[in-house]
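K.L.:
Right, I'll just put the structure down here and ask away after.
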Ligand code: F3S
């Protein structure tokens, strides 16, 4: 039996970078913290805590020390507050998110009504919003785009992890709203790359294992996509693997969601290999 890892899986560049930056700034005396959990994976947060990087929900929880901004980014007020409180700030905002923030800021300064295409409750979208001068409309669906009143100058940016197809569809509704529309496609390719690699692998194997949180939207999406090509199981950890799944299987493919740490992927890989 052959066990094959997808060519692109697990953490994206921005999350890997943020974790490296957090590790470089760890302090055993407990004075380094990320603002919000670095990723939505409790095991990773715990591991970092043991290495000397805690988590705070707000800067008000810190009297001194060093605060690390996670890959989702934050608004300008957080930088100002850190400075006024005398906290050292290390910025691990993903460069792609930074670009979306600056694009929204520039559009706003140039007098555009800014539309952010993305999920209203996503921390990255909230951070992009904070960089606009006069606020922005956050649009998640075609219906919301249709409901937007006509306006003069319309500037559009996008949540980096938003689906390209849905962005295109929402933009086609927005084109009706203004004669002066500037569209900045600030989507990052990490999600597409992960999905494409998973689908390519799923076509070649008898069974796919998709590793990641059951509450992770991008992992669930990966599992749905793989299931269109072959028998697929979505597992959170190696403990869920079942022997009978391997019956009559020659090739197993493995992929993982954006918040799945490498060591969890390796455990699944090794366990499959040991049964090969
Ligand atoms: Fe990751 Fe940055 Fe893209 S955090 S998903 S590489 S925008």
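Note that Cβ sites are derived from N, Cα and C of the backbone, with glycine treated the same way.
Quick caveat, the model's predicted, so the values are computed rather than measured.
Taken from TrEMBL, the feature [4Fe-4S] cluster binding site applies to 12, 94, 188. The (2E)-4-hydroxy-3-methylbut-2-enyl diphosphate binding site annotation in TrEMBL covers 40, 72, 122, 160, 216, 218, 259. Annotation source TrEMBL lists isopentenyl diphosphate binding site at 40, 72, 122, 216, 218, 259. Taken from TrEMBL, the feature dimethylallyl diphosphate binding site applies to 40, 72, 122, 216, 218, 259. Positions annotated as active site, proton donor by TrEMBL: 124.
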K.L.:
Given the recorded positions 40, 72, 124, 160, 216, 259, which lie close to residue 188 ([4Fe-4S] cluster binding site), meaning Cα to Cα within 10 A?
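P.N.:
Close recorded positions: 160.
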K.L.:
Write out, in the order they occur in the sequence, the residues of the chain not among 40, 72, 122, 216, 218, 259 that have a C-beta within 8 Å of the mean position of the C-beta atoms of the recorded dimethylallyl diphosphate site.
P.N.:
39, 161, 217, 258
K.L.:
Specify the count of other C-beta atoms within 10 Å of the C-beta of residue 12 ([4Fe-4S] cluster binding site).
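P.N.:
A count of 23.
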K.L.:
Do any of the recorded positions 12, 40, 124, 160, 188, 216 touch ligand 1, in the sense that the CB is under 6 Å from one of its atoms?
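P.N.:
Close enough to ligand 1 are 12, 160, 188.
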K.L.:
To see if you understand the setup: which same-chain residues, six or more apart in sequence, place their Cβ under 8 Å from that of residue 124 (active site, proton donor)?
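P.N.:
Those within reach of residue 124 (active site, proton donor), by Cβ under 8 Å and sequence separation of 6 or more, are 72, 73, 97, 100, 118, 159, 160, 161.
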K.L.:
Measuring Cα to Cα, how many angstrom lie between residue 259 ((2E)-4-hydroxy-3-methylbut-2-enyl diphosphate binding site) and residue 12 ([4Fe-4S] cluster binding site)?
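P.N.:
Counting only the Cα atoms, the answer is 8 Å.
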